[in-house]
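**Student:** Take this structure, written in structure tokens, and hold onto it; I'll ask about it next.
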Amino acid sequence: MNSKVFAVLLLLALSTCVLSEKYCPTPRNTSCKKMNIRNNCCRDSDCTSNAFCCAEPCGNFCHKASDKPGGRRVDPNASCKTGYVYW
């Protein structure tokens, strides 16, 4: 009996972890002119309201988490500065 209860609780915990996974939303723009690239953030801690710092073609921007994968979070270890990016 105890092993059945444990199995159910384990399954519930695993499904909760999977369902609570959050992602960056799919970017709206698929391309960007180099002169328009701007980083509003370089890591999640630069964002407010538990938003994610997401990499997009026109720079890094804070977005509310999405339940569906499609975007890409900024690597917090990557070299990054906020503001306009000049090439």
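Keep in mind that glycine also has a Cβ here, set from the backbone N, Cα and C atoms.
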**Student:** Return the single candidate from CYS53, CYS54 listed in Swiss-Prot as disulfide-linked to CYS41.
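**Tutor:** Record-based pairing for CYS41: CYS53.
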**Student:** Tell me, from CYS24, CYS32, CYS62, which cysteine Swiss-Prot puts in a disulphide with CYS47.
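**Tutor:** Cross-referencing Swiss-Prot, the cysteine bonded to CYS47 turns out to be CYS62.
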**Student:** Disulfide partner of CYS54 per Swiss-Prot: which of CYS24, CYS80?
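**Tutor:** That would be CYS24, the partner Swiss-Prot lists for CYS54.
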**Student:** For CYS58, which disulfide partner does Swiss-Prot record out of CYS32, CYS80?
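**Tutor:** Disulfide partner per Swiss-Prot record: CYS32.
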**Student:** Rounded to a whole number, how many Å is the Cα of CYS41 (disulfide bond) away from the Cα of CYS62 (disulfide bond)?
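**Tutor:** Approximately 7 Å lies between the Cα of CYS41 (disulfide bond) and that of CYS62 (disulfide bond).
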**Student:** For CYS24 (disulfide bond), which of the disulfide-bonded residues CYS47, CYS53, CYS58 has the nearest Cα in space?
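**Tutor:** Closest by Cα distance to CYS24 (disulfide bond) among the disulfide-bonded residues CYS47, CYS53, CYS58: CYS53.
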**Student:** Within the domain 'WAP' (21-66), count helix residues (DSSP H, G, I), strand residues (E, B) and coil residues, in that order.
**Tutor:** 6 helix, 14 strand, 26 coil
